[in-house]
Amino acid sequence: MASAQIRHFYNTPTTISSTTTRQPLLQQQQQLQQHTNNCNSKRKQFQSDTFLCHTQTQSESEAKAAGATLCQSTLAAAATTAKGAGATGARATATDDVQASECRQSWTTDEIAASNRNTQHRMRYPLAGSAATCDVATVPAARQQQQQQCLAPTATALAASTGTSEQDRLATSTCLSRLSSKVSQDSTKQQRKLFQHGATTRDSDASTSTAPAVSILMDMQKFARSIFPLVIIFNLLPLFYAGTFARVNQKQCDQTFVSRIGGPQNGSFSAPLLHNHRNHSRQCLYTFLAGPGQRVEVVFKSFNLRGSPPDGSAVGELPSCVHEYMDIYSEVQSSEPAELINSPFGGRYCGTIPPRRRISMYRAVAISFFSNKNVTTDLFEGTFRFINASEYEIGIPIAGSPCSYTITPSMSVNKTGALISPTYPGAYPKDMSCTYQFLGESNQRVRLEFRDFDLFFGGPHCPFDYVKVYDGPDNSSALIGTYCGQQRNLVLYSSESSLFVHFYTLSRTANTQNRGFKGIYEFSESFVKLDFIRENDGIHIRGSECDQKILSKKESTGFVLSPNYPYPYIPKTVCRYFIYGMQDAQHLERVRLEFNAFNIPKVEHKDKSESNCTDGYLKIYLKGQETADAYDKFDYELCGNETQRVISEGPRLAMVFSSGELQGRGFKGKYTFETEYKIPGTAAPDGTCSFTYVSNSKKRGELNSPRYPSNYPSDTNCSYLFLAEADEQVTIVFDHFKIKADNNANATAGAYGSGACFEDWLEMYVVYRDNNDRLLGRYCGQTAPGPVESPRGAVGLRITLHTDQESVASGFKARYFFESAKSDAGDCGGNFSNQDSGLITSPNWPAGYKAPGRGMASNACNWVMKARPGYKLSIHFEQFGLEGDPANRGCPAAVLRLWMNVDSDQPPMELCGEKPPVEQWHYTSTGQTARISFTTSDKTVGAQGFRIVWTEIQDSGPGPPSVGLHCESTYHFQCGAGYCISDKLRCDGVKNCGPGDDTDELHCTTEAAEEDYDVLIIITLLVVSSLICLLCILCHSRRNRRNHVRQLGLHRNAHYDSQTSATGFL
């Protein structure tokens, strides 16, 4: 309200009524209008000048020049505007020039002070608005309104620019304060001059002026001069408050740490203390600048920011670091803050897990901290130090790459040095490709040992970050290996004089913080020469000093030697030998090794429990332990002059030779690759597929086809021989069976027999003492043989497996048992001879047979039927039901074997399953003797069993008896089918004539009635006899009762007489 009254007062100078004064006042009004227009036109120019006040100065000279230019341009514009406005304007311009020099001096002083207090680099943001330049030489009557209009936007813009730096806001506020003060002083001077000019006019026109008006005017001018500075200060208070608050916060925010000669080379940093009561977002920049030949190392000691690390951003999840986070830039090439946009991003971090150590790629590290907290305190703390960069310059730099070098032996005295990743032990950068080329002399080899190796692991094939090592001068050489993740004891050798290493990191968003690697390299002529490997058909394993592998060429043979053999080997050398036989769908080999010469010095120990091979040794592994790195589980440890003959348990044999400190001549061994069948048992010494199982060696065990459960090889013949003691029998039970079957296999009786199996098959034989083998059967497909027992008097059993050159299958697996011999009849059964007919049933018929007792491998029942000379045997299966399925799985649990002629070499028939009721199983022997054997195993579950009727029939020559044959004697009965059976077999209730022929049971009614009458008579006689006996017994008991009563009466009478006599006497 007061400022409005002052402006109104200054805008009404026409209250002085004088013709002498009106003309200068009119000119002043015109000058005021012109100055107003000029002020508006200069507004945009002052925007740029004000922006210069907020631009960062690079040096003190630039700060001085910028300040002087700003103030000079501002005041000079005012002087130019007032030029030609009269004497009053000229004097005002002179006054402005004097004050401009004062403002220039004040600006320069403030800039120098601010520059000395803060040397850090900042990113600037222009002001939201700019103040227009107010001409300080305008007419005092219109100055008040214009300065309110010009300085108010300036203060508002400065108060709103929270992103400006401390020294810029300080310099700007200082300059504007001085400008406002100058405007106030100039206004007062112009009013004073105007008053003096009016006084002179009033003196000349005293007749037209009044004294009271002049007195009131002077009082009002005094009041205006006293209140005007207070109005200016009140309007600038928000500007000063904003500048002071920003100056306090900014002083605790951005920090720069520079390495100087003689200055500290380490220090600490921590989170700023920000009082952000208006909840504005704050971003602070920490800059670490190393000197020439230096790098920066930053380590975080504590870290506690809001949010959680954005680990999921690599797979499409939104990051969690939103309200508070820290961005790290360790590949900054320029110290300019604006260059952070062009620097590779080193990761964003929040939460409670601190970022890992950082080593700068060049000379600078920048850390940007963002927060929108009201108050920030104790968020993070860390240390920094400036380290020597020469550690990372490991060779001759290769142009075009910041981390690629060429290394030669001449670069160090002892031909060794350190190999280190670009920022080890700090987290290595992303999207980087570094190469290290090691070039030795012609007789040298290169050794590379990684003592620390930590790369991002993206999978076993290292598809992301990796280190590739090539056995040669560049990446076109043979690859030794690709490595990632964490590696331990990684030592690599070149085969010749050069080695090439490529370190690559992927450009990805995954927030990884792996260290990289650190190792040592060495050029040397003393490493093992590889001639002893090449000259003996070995293959040097790339990357090793002297490891080799030897591969079979199908039952091949060769030699293995110690390094430098036959001369003494080099001390402290470790070489590994991998001797591998063939292993594929058709071949499987094992390794036989025997030593021709062996000399490794050993140290004798008094304690026999300790190994004598404490210096040099040769360890042998026969079970493939090397595939699991189980080198501590060796099978043999050799030293001294001992030799050993070993055979691998599979296609692999490995050896580890350690020379120790004592020198020796070494060894020479001969290896032989033999076909491996993976069959338990005693193998033949000639390496063929022949295995023997002896009772006195093992009483029970397993056997299988070659390489079971894998497919057996083609074009193979294997033999399995089981030899029992004199009082023993051998039993074999099959658990799995699958032999390649032919298309014409008999589905009804099963795939067995020479007619069904003529490509791949399994045969079983009974072995007798005269080396006469009897065939039990030929099997193929899935028709498993039934359990078999060697008969009494046999030596044992033999199994043969034959495969052709075409398709294969999984083979078989079986068990064998050596048990005490049984009788000829077995556990049940019997011999039948000189009999007309007989009945054979399974044990416990018809309730069903059962499995063998506990501890028994099998039960066997053997029946032998022998006919009289000139006769044969008719065998008819009335009922039959055994577990098994001949067409699909054979008879593995229970089987019935039928020999139609025991004296011939024909194999028996094997029967199992169930006989359909409509089928008739009837067989006629081809000889005088037939045999039936029923065998069950420990796999038996149980079934109904069988009922078989055998009958002796008259022989009619070869083939079945002809119809119409006349029987030899009158006591024979001729069946309807033409067979002649004993006449005694008629009407015996058994159909002896065979299936479909019941003539022997016809016309048996009368005889049956007579037989029934005789039985009735006998029963009647028995009943009558029983009744007679019963009557006799009843009569006899009645007679006894009468005699007893009579005797009792006589006794009573005698007693009465004695009592009467005694009474009379009294």
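Note: Cβ is positioned from N, Cα and C throughout, glycine not excepted.
Predicted automatically and left uncurated, TrEMBL annotations should be read as such.
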Record TrEMBL, residue CYS993, disulfide partner from CYS967, CYS975, CYS1029: CYS975
Residues near CYS975 (disulfide bond) in space but at least six apart in sequence (CB under 8 A): ILE981, ASN992, CYS993, GLY994, ASP997, THR999, ASP1000
Winner by Cβ pairs under 8 Å against the domain 'CUB' (546-674), considering only 253-387, 689-819, 828-953: 689-819
Secondary structure tally of the domain 'CUB' (828-953) (DSSP, helix then strand then coil): 0 helix, 67 strand, 59 coil
Secondary structure content, the domain 'CUB' (546-674) (per DSSP, counts of residues): 4 helix, 58 strand, 67 coil
